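Asker: There's a structure below that I have some questions on.
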Amino acid sequence: MTKTAIPPILLVGFGKMGGAMLAGWRERGLAPSVAVDPQLPLPPGPEVTVVADAAAIPADFAPAAVVLAVKPQNAAAVLPHYARYAGKAVMISIMAGRTIAGLRAVLGEQAAVVRAMPNTPAAVRQGITVGCAGPGVTAAQRALADTLLSAIGKVAWIDDEALIDAVTAISGGGPAYVFLLAELLEQAAIAQGIPADLARLMARQTVSGSGALLAASPEDAAALRRAVTSPKGTTERALAVLMAEDAWPALVPRAIAAATERSRELSGG
Ligand SMILES: NC(=O)C1=CN([C@@H]2O[C@H](COP(=O)(O)OP(=O)(O)OC[C@H]3O[C@@H](n4cnc5c(N)ncnc54)[C@H](O)[C@@H]3O)[C@@H](O)[C@H]2O)C=CC1
Ligand SMILES: O=C(O)[C@@H]1CCC=N1
């Protein structure tokens, strides 16, 4: 008999993040579940039934959790179809910007809502998700949310929902900033005359190897940076450019503030 550590789940939105979560749940042993997506992606395994819309969900399907993984801009059109599960299943939203109060206004005051922000390394079970449990979420429902989110990486919980906007900017979008660094390193290598395939290999391995070292090391990131930076050496020259007052120390906080503000805007839009 197959081990099912995860009870039946209704996944709404089977895109990049929904697909990554489903794969993580399947690895842990997923009870027969349903995914809704109008694009009808191929089911990842026999335990998942994919349907095009809420009307096609079998009437007797009783999920323990409904995971909302559509774009925030689709929320207003999509959410009302799932209000019938509120009060029975815990509603877990990973939508950027959408607040617990906003979700409960649509799903009903009986809705137990967890707002969570994962990131795309979820696809290799190396994500970080920060969650916040809303009013009425029971200890068992929060534990279920923790199990579901742990299947795609590390999980942390916060009580102050307002911080989720900054979480969205830092760890939600963070992989994009790291991938941008890989892109720019590759381009700079090519500009220095390094052949394109070697430039790509160097940039990718430098970013992924540095991530692996950071994960394996007890040292602070700053200490690992200093270990590369020989006095009067080459790295020092590069860091003098990157760490200039108007460079990364000014740009990174500005970028994070812009993304945090956008997350706040999405609560209403
Ligand atoms: N991509 C990322 O890095 C992260 C995304 N998020 C959040 O996750 C959510 C999903 O984002 P992605 O997976 O990147 O987008 P995506 O575009 O890959 O997936 C969204 C899916 O929703 C489906 N969809 C559209 N209308 C639907 C409907 N009426 N019913 C059911 N499914 C419907 C689409 O066909 C698509 O497959 C967004 O709310 C986003 O804010 C959160 C953390 C990170
Ligand atoms: O860019 C976005 O809106 C989503 C949320 C965090 C990462 N991607």
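We number each residue from 1, going along the chain as drawn.
For all residues, glycine too, the Cβ spot is worked out from N, Cα and C.
The model shown is predicted, which means the values in this text are computed figures rather than measured ones.
According to TrEMBL:
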type	residues	note
BINDING	Ala69, Val70, Lys71, Pro72	NADP(+) binding site
DOMAIN	161-266	domain 'Pyrroline-5-carboxylate reductase dimerisation'
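Can you tell me where each of these features sits in this structure?
Answerer: The Cβ of Pro72 (NADP(+) binding site) has 18 neighbouring Cβ atoms from other residues within 10 Å, across all protein chains displayed.
With DSSP classes pooled into helix, strand and coil, the tally for the domain 'Pyrroline-5-carboxylate reductase dimerisation' (161-266) is 87 helix, 0 strand, 19 coil.
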Asker: Any same-chain residues 6+ apart from Val70 (NADP(+) binding site) with CB under 8 Å of its CB? Would you list them in sequence order, or say none?
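Answerer: Spatial neighbours, sequence-distant, of Val70 (NADP(+) binding site): Val12, Gly13, Gly15, Val78, Met95.
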Asker: What mean pLDDT does the predicted model reach across the domain 'Pyrroline-5-carboxylate reductase dimerisation' (161-266)?
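Answerer: Here the predicted model's pLDDT, averaged over the domain 'Pyrroline-5-carboxylate reductase dimerisation' (161-266), is 98.
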Asker: Applying the rule Cβ within 8 Å of the centroid of the Cβ atoms of Ala69, Val70, Lys71, Pro72, what extra residues of the same chain belong around the NADP(+) site?
Answerer: Gly13, Gly15, Leu68, Gln73, Asn74, Ala75, Val78, Ile94, Met95
Asker: Look up Pro72 (NADP(+) binding site) in the DSSP assignment and report helix, strand or coil.
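Answerer: DSSP assigns Pro72 (NADP(+) binding site) to helix.
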Asker: Within a 10 Å radius around the Cβ, which one of these binding-site residues has the most neighbouring Cβ atoms: Ala69, Lys71?
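Answerer: Counting Cβ neighbours within 10 Å, the top one is Ala69.
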